[in-house]
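Visitor: Per Swiss-Prot, the features are:
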type: DISULFID; residues: Cys26-Cys115; note: disulfide bond
type: DISULFID; residues: Cys28-Cys44; note: disulfide bond
type: DISULFID; residues: Cys43-Cys95; note: disulfide bond
type: DISULFID; residues: Cys49-Cys121; note: disulfide bond
type: DISULFID; residues: Cys50-Cys88; note: disulfide bond
type: DISULFID; residues: Cys57-Cys81; note: disulfide bond
type: DISULFID; residues: Cys75-Cys86; note: disulfide bond
type: REGION; residues: 105-117; note: region 'Important for membrane-damaging activities in eukaryotes and bacteria'
Amino acid sequence: SLFELGKMILQETGKNPAKSYGAYGCNCGVLGRGKPKDATDRCCYVHKCCYKKLTGCNPKKDRYSYSWKDKTIVCGENNPCLKELCECDKAVAICLRENLGTYNKKYRYHLKPFCKKADDC
């Protein structure tokens, strides 16, 4: 769910997920999809593509369990869809951390109508 995703992003990046990524670029946040503006936005684009591959669960609502061991996210689910959902969220949180160096505040509240159409996943 959005709750676990937000928690993972906070743990990996140290940033407030809603404030820092809720409307970042063309792909971060609930709305929008478009050609990524930078590496951070690309993380969100790949994350949305990951969600598209899921079948049998709702990425925004379904809860899953994970643990934080030695600063590492460990997904712990028996349900295959919830396990994949957790892995999608883990991947974006790590990607956002790996691209903190190029995070650009000018894209924090980017207007989605200015986004160009993205390639298909």
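Keep in mind that glycine also has a Cβ here, set from the backbone N, Cα and C atoms.
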Visitor: Compute the C-alpha separation of Cys81 (disulfide bond) from Cys88 (disulfide bond), stating it in Å without decimals.
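Guide: The Cα atom of Cys81 (disulfide bond) is 10 Å away from the Cα atom of Cys88 (disulfide bond).
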Visitor: Cys26 (disulfide bond): which of the disulfide-bonded residues Cys44, Cys49, Cys86 have a C-alpha within 10 angstroms of it?
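Guide: Hits: Cys44.
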Visitor: Tell me the Cα distance separating Cys49 (disulfide bond) from Cys115 (disulfide bond), rounded to the nearest angstrom.
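Guide: If we compare the Cα positions of Cys115 (disulfide bond) and Cys49 (disulfide bond), the gap is 17 Å.
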Visitor: Would you mind splitting the region 'Important for membrane-damaging activities in eukaryotes and bacteria' (105-117) into helix, strand and coil residue counts from DSSP?
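Guide: Final tally across the stretch: 6 helix, 0 strand, 7 coil.
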Visitor: Need the DSSP three-state call for Cys57 (disulfide bond) to compare against my parser.
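Guide: Note: Cys57 (disulfide bond) is coil by DSSP, not helix or strand.
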Visitor: Using DSSP and collapsing to three states, where does Cys75 (disulfide bond) fall: helix, strand or coil?
Guide: strand
Visitor: Among the disulfide-bonded residues Cys28, Cys50, Cys86, Cys121, report those whose Cα falls within 10 Å of that of Cys95 (disulfide bond); none is a fine answer.
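Guide: Taking Cys28, Cys50, Cys86, Cys121 one by one, none has a Cα falling within 10 Å of Cys95 (disulfide bond).
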Visitor: Counting across all protein chains present, how many other Cβ atoms fall within 10 Å of the Cβ of Cys81 (disulfide bond)?
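Guide: Its Cβ has 16 other Cβ atoms within 10 Å.
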Visitor: Are there disulfide-bonded residues among Cys43, Cys49, Cys75, Cys86, Cys88, Cys121 that sit within 10 Å of Cys28 (disulfide bond), Cα to Cα? If so, list them; otherwise say none.
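Guide: Correct set: Cys43.
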Visitor: Quick check: of the disulfide-bonded residues listed here (Cys44, Cys75, Cys121), which one has the Cα closest to that of Cys57 (disulfide bond)?
Guide: Cys75
Visitor: List which of the disulfide-bonded residues Cys75, Cys86, Cys88 have their Cα within 10 Å of the Cα of Cys49 (disulfide bond), in sequence order.
Guide: Cys88
Visitor: Identify, among the disulfide-bonded residues Cys28, Cys57, the residue whose Cβ has the fewest other Cβ atoms within 10 Å in this structure.
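Guide: So among Cys28, Cys57, the disulfide-bonded residues given, the one with the fewest Cβ atoms within 10 Å is Cys57.
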Visitor: Rounded to a whole angstrom, what is the C-alpha distance between Cys86 (disulfide bond) and Cys50 (disulfide bond)?
Guide: 11
